[in-house]
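Working notes, beginning with the structure itself.
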Amino acid sequence: MAHDLCVAEDMACIQTIETHKNDVTSVDFGIDAMLASGSGDGMARLWTWVSEDNCYIEADCSPLIGHKYGVNSVCFSPQGTMLLTGCGDGSSIVWNVKTGGRIHTFVPATAGAVRVCRFAPDSSAVLTAGDDGAIRVWNLLRRTLTRCVWAHEGAVHALAPTPDGRLLLSGCSNGALRVWALADEPSPSSPSRQQRSLTSSPRHASTLSGNTGPLETPLARVEAAHDLGVLAGDVSPQQLLVESESEPEDEAEASGPGGGKRLYHRYLAATGGNDNAVRLWDVRSPACGGCGSEVRAEVAPAEPHHALLGHGSAVTSVRFARAGSLLLSASLDKTARIWQVSSGACLSVVRGHTRFVFAVAASRCGTLLATGSYDQKVRVWALLGERRPPPAPAPAAARLPPPTLAHAGQERALLAHAEAEVGAAPSLLQRLQPPDAGAVNGLSFGPRGRMLASAHGDKMVRLWVRENATSRFAEADCSPLEGHRYSVLAAEFAPGPSPQLATCSLDGEALLWDIQAGERADSPLQCAGGGALRTLRISPDGHLLATAGDDEKVDVWSLHSGEMLLSAEGHTDAVAGLTISPDSQLLVSCSADGSIRMWALSPPSAQGLFVLEAAHDLGALTVDFSPSEGMPGKCRLDAADEDKEARGKGKDGHCYLLASGGNDEAVRLWRVRARFDGGVLAYSGECLHVLEGHTSLLTSVAFSPDCSLLATGSLDKVVMVWQLPAHLVFQLTGPDGSKSHTKRVVDWSPEDVDQWLREWGMPRLGGQARVARVYGVELITCPVQDVLAKLQGCEAGEASVEDVDIAAAVDGAVNEDDIELEEHIVQLIHWLKHAEATGSFSDALPDEEPPPEFLCPITHEVMRDPVICSDGFTYERAALSEWLLGRRFSSPMTNVPLSSSRLLPNVALRRRILEWMFGEVPPLEDEFAIVQPSAPAESPNEDPVEVEEGNKADS
């Protein structure tokens, strides 16, 4: 979309808002030109644009009251459904902009005033910083503090993430500018690769150790970015992919993905400070190429226009506008200025306030400008010089219901009803009771949740399958499996694409089964400890095998070497159940003595971490972790640790969902919190639900891989399958769908390429891309013929039943048996290259008005990743994920509670949008380059180049 820079020198003031009772400290624009303002009166206010009257009116849900002191920062979420406010009392509040309801309040144990707050680009995290010099990252879904880094010695006033969410820039009152890694990019083959990341869990962070140690070195820094202090900062939405002129450093780099090209992400940052200057910075970070290399960065003055001079006093706010082509600045000299980024020229000086101007922002449509001042006023200006430039309204068909007073009250009630479902209990979905079967001793779900294995007291292992995610389980044709001489006590599916099952028995043997053949796959594994093996588990990373039984010990073996790594003691009766956390960090065991114990696996330690002595009356027989990744969480501490926390020495940790069953015939769901520092320092366990229905002892529990189902088994010979509440499923799996939204193609791993092809309904080709190790950088830098040759040079990937079901359900999915499949692939790569060639998504949009069906009902903007929700409507994936992050488990269009959190890609609509944006595919020889050659960034010690006074608008 073209961005004409027809900015008038004399800005027209459309409206002056005089509602706040104190200085206006911050302003921001959301979707549909919604305006938010924060003030020293402790309130944040929302304003909606009325096209008929060409003015703003205060929203029905405004003001937002909840802070004790002045509001220093307001920020809309990337999709515009939430507002974040930061306050002088140290708290930050996330609000529902539609109803004005408070979603959550984030309050650290010790903190000064919050000076700046931002959302992560994928909406999954909230970033806050302020007077204490710390940067805090809060997980919006878990409502917990993920990281706390003591980043600066002075107060932090500038905080800006890059558009892809890889880096975070911060600036403080001492004049320092620093760059941090905001998100992990782990290697697919090395999940535990250490990264210098703010959003990673502590066990994955080596450089940023949170509030547990001394300040570590950031990725890049400029110690004197501004004399007397940095007061504001922002990063342009434009992001370029550049190629370094230097040669590859080694043979491995030369032969890597992308033909050995040294590719860099290039970002443009702006800062303002007490030296009256606006400064531009060139930030570069090597593209990982999907190989999981550690995040690195360098920062240097942007040439040739590094320092933009013209303000007569300190610069208090800087914001990029119109897809990064303009830069806005506000100052204590009572003016705001509009700069052309490409030339560094001042296009306009905005005058009208009678006191200091603290804040400036431009609407997302690029037609309006808002300023906030110490004179307690918010002024709205016509950015393009027109007297009355109303924002382009969304078509009526794409609008959400209007927020009238009656509707707002009704929605508050509906939202309260939906939020009340947070406490809803799991429901019984199905009972499985084969004739003449023995007691159920063990359960395990297959890798994709379509297969369930049950171990029985009649020496048999039974397999249950279902056709799709909504059908019921039925016994498989190859079931039952016979091979044990005595009762089978446990069954466990091994991780990986090929279905393999491990079982153990009273005969002391562990067997491996080939499920497809329905027969034993290897010779039995004999336990050296003697006695019956009652339970076994394989770690999710596939490296460890844990066994336990009548000898009251827990043994951990290396699957690769066969070496025993751990033999732990502590239980006083037979160990009946084992489970390993999804990150392979923790092992939990339960015993007939009624206790549940936790052990560390990284590294293995025989010293127990904690014990629940009376988890189940009369004995605990089975445990299972939810297969979701460990959830970042804040632990409950004892008095000594609370003192440490008060001094900023506390630990962050992880939260897990654990199910247990026992002789009391009940299943209990626990939330277990644990803190890591080489080992677990603290823990807490909270019982969430108690499930009842079996008529005898509970012997086994198992979560499905997508966390939507829980299977329970008992001596009553019945297998029960429970449906878990949708809110609990989303809390465990929800963030996965939104995090990929900001990842650039050049950073895709073969697994990401596989996922991209599967979303287009081509699972077999996705499997080929994974086997052939096709990286995203190859898709956009190598000739299409080379990519096709690499895909065709390996065996066809296997498509699971689930993939086939999804492909059949997706309207417009590519038929992999089509003789024109190659043409489809060429077209997809062509669109991918075009999308990657533009610095931002908005730049790729045509100038013509989009069809109404291309607009997301939530954001009213063109969708880049349309998905179909269970309510039947299509939304932008990131917008719907953000909607659910606010714990609104109802349809955005109907307010009816959603029946499922499952999202299906709307391939047909995505294809139409891409055709509208980029047109038909050109011939193969008409490929174009999207990577720009670039010289290395200059050193930050170079003297800055300042814009000549003659290039600036005269004040």
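Note that Cβ sites are derived from N, Cα and C of the backbone, with glycine treated the same way.
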Annotated stretch (region 'Disordered', per TrEMBL) among the listed ranges 236-259, 932-955:
932-955
Range from 17-47, 433-464, 533-567, 568-599 with most C-beta pairs under 8 A to the repeat 'WD' (691-724):
433-464
Please list the DSSP helix, strand and coil residue counts for the domain 'U-box' (849-923).
24 helix, 12 strand, 39 coil
Counting by DSSP, what is the helix, strand and coil composition of the repeat 'WD' (64-105)?
0 helix, 23 strand, 19 coil
Limited to the repeat 'WD' (350-381), I'd like the whole-number average of pLDDT.
94
